[in-house]
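To keep things clear, I will list the structure first and then write my remarks on it.
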Amino acid sequence: MLFKIIIKNFKYNLKNYVLFFAGELMAIAMLFTFLSLKDSLSRGIFDSVIRYIVDSEFKIAAAIIIVISIFIMVFSMKYYMKVRVRDYGMFLTLGMKRKMVFLMLLTESGAGVFMSLVVGLVFGNGLLYGCQKVLGKIDSTYHIHMNVPFAIYRNTVLLSLVIMAAALFSIMVMIGEKNVSDLAEDKQKEEIRPKGKWLILTAVGIILCIAGIYVYKKDNGVGPYRAIIIWAISIFFLLYFGVGLFLEFLKKRQRFYFRNLLHLSQLYHQYSSNYLIMYGLALIHFMAIGYLAGQIAESLPLTPDAQGYPYDAVWCAAEKDGGYIKDFEEKYNVKAEQYPMFMVTGRNTVQQIGISESTYEAITGHEISLKGDEILYADQYIKYLDRESKKGILSMTDIIHIGRYHEEFGTYAMSGDQYNKEEYRKTNIKELVVQPAVGKYSMDGWHSNVLVFSDDYFEKEWKQIRQARDEQNLLVLMHIPEAVRESAAEDLMEYENREGIKNDVYTIEVDNLTVTDHFLEGLKMQNTFNFASRIIIILALIISCLFLIGLKGFSTMEFYRRQDAFFYCMGMKRGRRRKTVKKEIYSSIKIPLLFGGGMGLVYLGCYGWIFEPAKYGDYTYWKTWAFVFAIYIIVIVTGALLLSHYLVRKMEEETKHERY
């Protein structure tokens, strides 16, 4: 008899368990997909710059997806256990031993976890293939890799099992400690009232927000990543303690509070129990509105501006290539300008082009006056120099090595005062200007800029460089007729690959030869690939956001039904009841959007303040970001609207006290 009751109860509540399994399945699939996608992309992308950028972005994306997946798993398990605890209380009331209840709990949970893992991993493999297929359509050189390392399967399974085991252990402790009558009842959790120290903790959140801004500005390399972590912690303090204090403040404003009581009731009385969902939503909005929307805006327009490239090809060659250059000019009717040069290595293996002031005047037509060891820095990449861009340039070129980077330099000249004084020297940069003397052939904005030395300084160094067989010493600027440009470029690249001087830098793109048409095409492909990868990440966050909203709505359906029954008995009309429920759902969406989106704007402010004015020189970036932001908000609001409408319809269908 007891067995029949258990089976009947399980079938009756099957629709509630589906929500749990769907949440676990989605979390596992998302977790596996992004862990494996990062690995597959690093092996399938051959362009070093694209691989470097995508790898950095997917580290952040994988981290945030892991956090969101954990939230989904924990909340799904919490909801499942909340439903089953009432059932276990009933079984204990009917005479079932606690040992048998524990055994049944382990069996059910184990079966659910196993099925979720299997289906989630299968679904994750499908998502992995689909994402790579999309990226493969964009970049024909990208190779799809489906041989996911065992470590990723292991990490996904272990992380999932740890989360589920923790939730299962907590519920078993609850069953062991509580009375049978308490388990059988569906009691609402009493909220923790704000205390005086909450104001201090809110202030801590504000201080962390300011600290994130300082950390971001202090180091343009790892600073943004550290700032993201600090701001995520800041959101935790501000959202939990700050909103708690604000709700308490609203309660004291009795006129406003009672006028909006129906809309604030669920948020006020279930605030702490909903906090995990709200924090997860806030993190999603923070990453989507701040980091990802900004990165998508940076990828647009996909087609790069062709201005700023005065030559069809730029080649850092050597005097030994003079014979080939002469034959090349005659064969393709090329106009080639040749100037003495040498490579200049700054911090972090950054390589620039060094020329004399006479060469600079011949190329640009601008006269300059340099004396002794004075240097002019001519940036080829940015639109104009502001305070932050000047600071970044000076920090990367405060010491230089005359010549290309060599592997034996090791970690010297990476940061601070640690550098090899025999190889590197202090610089005396007289002036920084924006002047595309050779062209904006820089993928990251740091490489391939021009350092102009005084004629005496340059001549002294160039005489030593030209004696070295493994150093570039000749700058060749070419105008190639359009009719033969492609065949000439192939000829030139074939010679450079065979006879050219090899670079020791592999982490960042550094080419001796750059063909403008190929560079612009590669830049367009890079923008498109980056745009597509960022869209994939932001779509994953949007799906996670809507899923969390739906998960929260379904988990509080019983509350909505009881509330609707009460309002009906009080004589409230159907339209007003529907509107009240929808506003309650929206109230738990608006607050995470306010905090997450607000912190995202802080991130964007730092990013735009430091980088974008110099790069764009106008409001292009902000206009594009506003467009992406508007689309994101429209998608989230539309999805939330459809979910709230569905939840209200479902509540009405299950409410028996009134015919709709």
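Backbone N, Cα and C define each Cβ position, glycine as well.
Per TrEMBL, the feature domain 'ABC3 transporter permease C-terminal' maps to 60-172. Summed and averaged per residue, pLDDT over the domain 'ABC3 transporter permease C-terminal' (60-172) gives 73.
As annotated by TrEMBL, transmembrane segment applies to 17-38 (among others).
Per TrEMBL, the feature transmembrane segment maps to 58-80 (among others).
TrEMBL lists 101-123 (among others) with the feature transmembrane segment.
Sequence annotations record features per position, and here TrEMBL assigns transmembrane segment to 157-177 (among others).
Counting same-chain residues at least six beyond the ends of the transmembrane segment (198-216), those with a Cβ under 8 angstroms from any Cβ of the stretch are 223-224, 226-228, 230-231, 233-238, 241-242, 244-245, 599, 602-603, 606, 610. Look at TrEMBL and you will find 198-216 (among others) tagged as transmembrane segment.
Positions annotated as transmembrane segment by TrEMBL: 228-250 (among others).
If you look up TrEMBL, you'll see 271-293 (among others) marked as transmembrane segment. Long-range Cβ contacts of the transmembrane segment (271-293) within its own chain (Cβ-Cβ under 8 Å, at least 6 residues beyond either end) map to 60, 64, 67-68, 71-72, 74-75, 78, 189, 191-192, 228, 231-232, 235-236, 239-240, 243-244, 247, 534, 537-538, 541-542, 544-545, 548-549, 551-552, 588-589, 591-593, 595-597, 599-604, 625, 628-629, 632.
Among the features that TrEMBL reports, transmembrane segment is placed at 531-551 (among others).
If you look up TrEMBL, you'll see 585-610 (among others) marked as transmembrane segment.
Residues or ranges marked as transmembrane segment in TrEMBL: 625-648 (among others).
Across 228-250, 531-551, 625-648, stretch 531-551 shows the highest tally of CB pairs under 8 A with the transmembrane segment (17-38). Across 228-250, 531-551, 625-648, the stretch most heavily in contact with the transmembrane segment (585-610), judged by Cβ pairs under 8 Å, is 228-250.
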